[in-house]
Amino acid sequence: MEKWWFNSMLFNRKLEYRCELSKSMDSLGPIENTSLREDPKILTDIEKKIHRDLDYLEMEGFFSSDLNTVSKNDDDHYMYETQFSFNNNITSFIDSCIESFNLGDIDKYNDIYFYSYIFLKGRNCSESDNSSTSIITSTNDTNDSDSTIGESSNNLDESQKYKHLWLECENCYGLNYKKFFKSKMNICEYCGYHLKMGSSDRIELLIDSGTWNPMDEDMVSLDPIEFHSEEEPYKDRIDSYQRKTGLTEAVQTGTGQLNGIPVAIGIMDFQFMGGSMGSAVGEKITRLVEYATNQLLPLILVCASGGARMQEGSLSLIQMAKISSALYDYQKNKKLFYVSILTSPTTGGVTASFGMLGDIIIAEPNAYIAFAGKRVIEQTLNKAVPEGSQAAEYLFHKGLFDSIVPRNLLKGVLSELFQFHNFFSLTKNDKA
């Protein structure tokens, strides 16, 4: 009689617990990550698996209690210990089940699969370790450090594996697919930030197809002062950048047509030694200005530079005066039209010379424009530079240049400027 009463009570308690567990499982979705509700099939599979194992555990616990009742029915704490053990088994099973369906992995089946998987997981691996809703790590404390290190290493490997497919935005850290990035003019598709653009890409952006004629392509820098460096000789560094970029120097100069209008254009490339201005760069720009003067062409100079090239000493500094002198003859004596375009970054000797001498000065959005960089100013004056004080938008409101023009509108704006200054298209159908 006592055995029947005990088993009946135990069965009722377990049945009651089963009902409560089922109710809690029904509300698991909204309590945890809401992304689970996006795939009801996954949730249904989880519930089926849990209920199947619950049935097995209940039967096993029920029969084991029958076998042990004779020896333990006098123990007042037996019912409590049995249910406590049963609770532990259920809790452990639920934990392992949730771990197998990593909530961070479920989010990867969104439209931006690679964005969440490759970038967010790789870049924010330290943050995801602290987020229980993103990744549920092992409950075994002794293995926490090892699992974290292993996960971080795997995330880094994944980021490197797909690095050639994506370009990270400097502003919002969004990932832009490289295959389509060029067609978007190197503008972030998430926040509209203008990322750095190579000189060859800018030529394609501004100059009509098939009209580009480069000048002084064979002009290269030597080592005029035999600059000594413990890390890498100056000549070797030049050779390295030439192989890396496919350019001979940090500027490309030439002539072409912009919506049918003949122009002389020079475009600096920050990828080549930070766009630094050495003797070869200064000579190429000076020759371009002189050619535009003789041919009566409108002139465009696109600036992207860290300033004078220190490896050439005073020879790099004299380029500032040489280019400015050629521009004086072009603007003052010939009354021709020069447009300066400031991109990010434009600093140092370029800002102090031809960068600010344009008849019209245009800046790209968010461009970093300064004479001395933020770090140099803070180290020299021991004062903090206000945030954004060297950004194009702030400087525009202070009157430093004429307009901020987005990259996708730049060609049309230049075309209208040239037409306004009596430079007209050679073709019959002018492109808008």
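We count from 1, first residue shown onward.
The backbone N, Cα and C atoms fix where each Cβ goes, glycine too.
The model shown is predicted, which means the values in this text are computed figures rather than measured ones.
Residues or ranges marked as region 'Disordered' by Swiss-Prot: 127-154.
Here Swiss-Prot flags 128-149 as compositional bias 'Low complexity'.
Look at Swiss-Prot and you will find 165-432 tagged as domain 'CoA carboxyltransferase N-terminal', backed by sequence analysis.
Swiss-Prot lists Cys169, Cys172, Cys188, Cys191 with the feature Zn(2+) binding site, giving sequence analysis as the kind of evidence. Counting every protein chain shown, 17 other Cβ atoms lie within 10 Å of the Cβ of Cys169 (Zn(2+) binding site).
Positions annotated as zinc finger by Swiss-Prot: 169-191.
Highest local Cβ density among the binding-site residues Cys172, Cys188, Cys191 belongs to Cys188, counted as other Cβ atoms within 10 Å over all protein chains shown. In the three-state DSSP scheme, Cys172 (Zn(2+) binding site) falls into the coil class. Other than Cys169, Cys172, Cys188, Cys191, the residues of this chain whose Cβ falls within 8 Å of the Cβ centroid of the Zn(2+) site are, in sequence order, Glu170, Asn171, Tyr173, Gly174, Asn176, Glu189, Tyr190, Gly192, Tyr193.
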